[in-house]
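Annotation comment: TrEMBL describes Ser143 as active site, phosphoserine intermediate. Annotation source TrEMBL lists Mg(2+) binding site at Asp70, His204, Thr206, Glu363. According to TrEMBL, the feature Zn(2+) binding site maps to Asp70, Asp368, His372, Asp409, His410, His484. Per TrEMBL, the feature signal peptide maps to 1-34.
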Amino acid sequence: MWFLTCFRRGLVMFAVRVSVLCYLLCMSSGSVEEENPEFWRSSAQNTLRSALSRKLNSNVAKNIVLFLGDGKMNILQPSTKCLRLKQDTTGEQGMGVTTITAARILKGQLQNRSGEETVMNMDTFPFVGLAKVYTVDFQIPDSAATATAYLCGVKTNLNTVGVSAAARNGVCRSQKGNEVTSILKWAKDAGKSVGIVTTTRVQHATPAASYAHSASRTWYSDADLPTSAVTGGCMDIASQLLRNTDIDVIIGGGRKYMTPKGFPDPEYPTDLKAQGQRKDNRNLINEWLSMKEGKVARYVWNKTDFDAVDPEKTDYLMALFEPGDLRFDVERDPSMDPSISETTEKAIRILKKNPKGFFLLVEGGRIDQGHHDSRASMALHEAVALDDAVARGLELTNEEETLTIVTADHSHAFTFNGYPFRGNSILGKSPIFAMDLLPYTTLMYGNGPGHKITNNKRPDIRNVDTTDKDYVQQAAVPLDSETHGGEDVALFARGPMAHLFQGVYEQNYIAHAMAFAACVGTNQEHCAATAEPDKTPFTSIDPGSSAPNTPFGAMTTVMLSITMSVLLH
């Protein structure tokens, strides 16, 4: 046994040396210019000059566009003995830092480049911060609690949306009196237009937190309400979509939660799972249209009708492209369903007609669904699609008046590991085998469905195409569905008051900073002062001073200097 162990270790060390030698002798992944120290010095100096020349944009944000990376999760349900995992098909965000890095490389490699040096659109944002994502009751969150934090400004409990932590998961009576409103409503109350764009169902956790109040994120339609919730007077999320806030643009999936039980789906008329689910026999789509009397309101469910919608002549748009969540971008039928870039563009073109501005939530909702299935390829392609939508949003808005934010609500048990050579496929394998003399992929999961051991061995993937969209990455711990991660998530900001998003902060701070920047919600004392000529709270501020750079301030500084000089002498 001792001999076999030493022999195996010797083989591994030999394989490592051969791999390194092959790299040194046969490969030069970097460009010739990267071998010159001046390349890196020049690059650093350019970045330094850019940082030194950066001016703070202290305008009031007329518009806010908030991009989120998101997907599906297992939901913790209360049990008589312990918490148990329940498989669900809701969206969950999952664009942690590892996902961003891997997506950046994939985006470059899809353009036939090495990938590591690629610059994502979100990478160009000048201000970056870290948000702490824990919930009031759990170290590691779900999208319901985190969406409530960054949209409503209040941290809450797992599985609840639009309510404070005084509400209990799944307990209807606990949500009464504990409802909290979101920045979407604050913006609407301020006269702005508001919209939601998602690649999941529009009733899912992230968009739901912007308009609904529910002790359970899973109460999509009245058919999902338990008896206690019905008798307690709680309302399903789909009904609240019509009732709580007048939303100008609603784009995503979720048709079956809007129509009566058995109502045939227009796209899949023979699919029983796609049929309407409502027990109250209400058709919320028709109700929504009737509520817009006197306005130009359009409902569409396919790309042809969607493309025919004229933003200049449309006041309201509801576009629901699937019975549930939309398809993954790599599986999307471009003739039936638009991309997230296309839906983002349509939403902005409709909303920007309002002279008072708009608030738009754009959710790349299936990044996380790929992660929960441990299909890294799916997750990363979704992240790339979201970054393309970010680019489209920037093209359609003015940085001087639009605050654009890109973030996630949580990360995943997702690792970027090994020692792959420069330019190695991000979905490929490490060139160095593990101690068991088997290869492993650069991207792996800490837990999930990819854990497979046969005869005390991992699967041999030497002849497996790990770049396939359906390949399931290996995992250390066996679970039906991979879990979220609990580390801080990055936030990228650009536009008016983007500098408010520097540093490390609680996730609920995001809603308050956005509201401050746009002068919506309760914190508006600084906004009223802008109209007074002697007060200029939004003028440029010296980074080394907390005082506004005003003539009065300068005069005060001079007088204090003279006074101190006299006293000291």
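Note: Cβ is positioned from N, Cα and C throughout, glycine not excepted.
Where the annotation comes from TrEMBL, it is an automatic prediction and has not been curated.
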Can you grab the distance from the residue listed as 'active site, phosphoserine intermediate' over to His410 (Zn(2+) binding site)? Cα atoms, rounded to a whole Å.
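One finds 8 Å between the Cα atoms of these residues.
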Taking 10 A as the limit, how many CB atoms besides its own sit near the CB of His484 (Zn(2+) binding site)?
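A 10 Å sphere around the Cβ of His484 (Zn(2+) binding site) contains 27 other Cβ atoms.
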Work out how many Å separate His372 (Zn(2+) binding site) and His204 (Mg(2+) binding site) at their Cα atoms, rounded off.
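With distance taken Cα to Cα, His204 (Mg(2+) binding site) is 16 Å from His372 (Zn(2+) binding site).
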What number of additional C-beta atoms lies within 10 angstroms of the C-beta atom of His372 (Zn(2+) binding site)?
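Total other Cβ atoms inside 10 Å, all chains included: 26.
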Among all the protein chains here, how many other CB atoms are within 10 A of the CB of Asp409 (Zn(2+) binding site)?
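A 10 Å sphere around the Cβ of Asp409 (Zn(2+) binding site) contains 33 other Cβ atoms.
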Within 10 Å of the Cβ of His204 (Mg(2+) binding site), how many other Cβ atoms can you find? Include all protein chains, please.
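Result for His204 (Mg(2+) binding site): 34 neighbouring Cβ atoms inside 10 Å.
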Identify which of the recorded positions Ser143, Thr206 has its Cβ surrounded by the largest number of other Cβ atoms within 10 Å, counting every protein chain shown.
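When each Cβ's neighbours within 10 Å are tallied, Ser143 tops the list.
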Let's check the environment of His410 (Zn(2+) binding site): how many other CB atoms sit within 10 Å of its CB?
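A 10 Å sphere around the Cβ of His410 (Zn(2+) binding site) contains 31 other Cβ atoms.
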Measuring Cα to Cα, tell me the gap between His410 (Zn(2+) binding site) and Thr206 (Mg(2+) binding site) in whole angstrom.
12
Hey, how far is His204 (Mg(2+) binding site) from Asp368 (Zn(2+) binding site), Cα to Cα, in Å?
13
